[in-house]
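Visitor: Below are the features I grabbed from TrEMBL:
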SIGNAL    1-18  signal peptide
BINDING   C134, H136, E170, H194  Mn(2+) 2 binding site
DOMAIN    214-312  domain 'Peptidase M20 dimerisation'
BINDING   H397  Mn(2+) 1 binding site
Amino acid sequence: MAWLRLLTIIVISCLSKAHPQLQSGLDLGSLTRELLHSAKEPAFFDWLKRVRRRIHENPELAFQEHETGRLIMSELESLGIDYSWPVAKTGIVASVGSGLEPYFGLRADIDALPIQELVEWEHKSKKQGKMHACGHDAHVTMLLGAAKLLERKRDELKGTVKLVFQPGEESYAGAYHMIKEGAVDNVHAIFGLHVTPELPAGTVASRPGPMLAGSARFQVIIQGKAGHAAQPHTTRDPVLAASLAILALQHLVSRETDPLEPRVVSIGFIQAGQAANVIPETVSFGGMFRSMSNEGLSYLQQRIKKVIETQAMVHRCTATIDFFEETMRPYPATVNDESMYEHAKKVGEYVVGKSNVLMMPMTMGAEDFSFYSNKMAAAFFVIGTRNETQKPNYGLHSPYLIIDEDVLPIGAAFHAAVAISYLDNHGR
C-alpha cells in the first residue's frame, strides 16, 4: 500500500501546481461571486460613481495631484486603512492585511493630461486645459473599491496588500520614483489594470511576456554657421545636416533591425530659421524611439547618437543630443511574468467569464508600469470600457473620451480577487 500512498501524494502535488486554488483550499468561484456581488450593490456602486466623478471634475497633472491625493486619503481614512504619504512627491501607499509577508501590490496611476475636455456632461472637468483622458480617474476609483472589499476581509488575508496610488505616469516615470523611494520594497508581485475603450465593457485582456514597448524621447540641436542663402559656401548648413541625419535614422529599423523584431524611430518636430534667404545657425528636431525589448531600446539610443553626431560632422557641424534620462526618464518594455499572467487570467475568467478574457496583441504603446515589471513578478491587464449605446466611441487621450461606469465594480472585484487569491496561494 506504500506505493499507493506515494502515487496519491504525487497526483495531489501535480494538481496543486496546475490549480493553485486546490493547494490553498480557496474557492475562487465563490470568492469572485461574493466580491462582484458586493461591488455591484447599489450603495457600493453609487459610492464608486461619486468617487470617480469627483476625481474626473478635478484633474491634476503629473506630480501636482494634491486634491486627488486628499480625496484618496480621506476615503482610506473612512475605511480605517493606514497609509504613507507623501511618496514620490504626491504618491500614496496604503496597507491592508496582517502586516506580514508576503506583500502583494495593486497599483493605480492618479495623474491627468493637458487636454481640454470636449464632452458635455454634468461632471465635465472644471480645470481649463486638463482632463482625465486616459482613464486614471477610473483606475483610482477601482483601487479604492478594491480597498473597501479587502478591508472587509482584512482578518482573512494571508499576508499584506500594498495599495500603490502612483503619480506622474504620463511621461514622467512616476513608477520609477515610487520604486526609488521604497514604495514597493519587499513586494513579491504586483498587478495593474488599465481601461481601454477599444474593448467592450465586461471584457479584460492581456498576454504573457512582452506586452507594451519600451519608449524614450530625444531632442537634437545641430549647430552650424549662418549666412546668406546666395553664398552657401561661406556657411556650414545645419539644415542639410539635420535633413540627412533624419533620413539616416530611418535605416536603423529598415536596415539594422531584424524584420521580426518590433522597433520604431519617429521624428515628431523640426525647427529651423524663418527667412527664406538665410541659412540658419541652428536646427533642432526631436522624436521618439520604441522597442519591445530593453536591449533593443538601448541599441537604438546608442545608434541614434552615433548617426546624428556623424552626419553633423560630415557637414562640418556639431550636434548635441538630449535623451531626457532624468527629466522624462525612458520607459522600459512592459513584460508580464508568465506565472503572474496565468494567475490573473484565471481570476479574470471567474470575474467576467472565460470567453471574456481575451489575448491582447503586442502594441508599441508604453506604460510606466514597466518599471514594476522589471523589478518583480508583474501582470498588467486592460479592462474594456466601451458601451455601444454611448456614441461616438473615442480612444484614450481623446478630448471626447467616455467611460462606461459599469466597469468600476468589475475592476474593483478583479483587483481584490487577484490579491486575495495570490496571498492565499503564497501565504503561510
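Backbone N, Cα and C atoms are what each Cβ position is placed from, and that goes for glycine too.
Because TrEMBL annotations are produced automatically, they should be read as predictions rather than curated entries.
What's the neighbourhood like for each of these?
Guide: In the predicted model, the domain 'Peptidase M20 dimerisation' (214-312) shows an average pLDDT of 97.
Neighbour list (H397 (Mn(2+) 1 binding site), Cβ cut-off 8 Å, at least 6 residues apart, same chain): L113, I115, A133, C134.
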Visitor: Using the Cβ centroid of C134, H136, E170, H194 as the reference point for the Mn(2+) 2 site, which residues of the same chain not in that list have Cβ within 8 Å?
Guide: D109, D111, L113, H132, G135, H139, E169, L396
Visitor: For the domain 'Peptidase M20 dimerisation' (214-312), give the DSSP counts of helix residues, strand residues and coil residues.
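Guide: Helix, strand and coil residues of the domain 'Peptidase M20 dimerisation' (214-312) number 38 helix, 35 strand, 26 coil.
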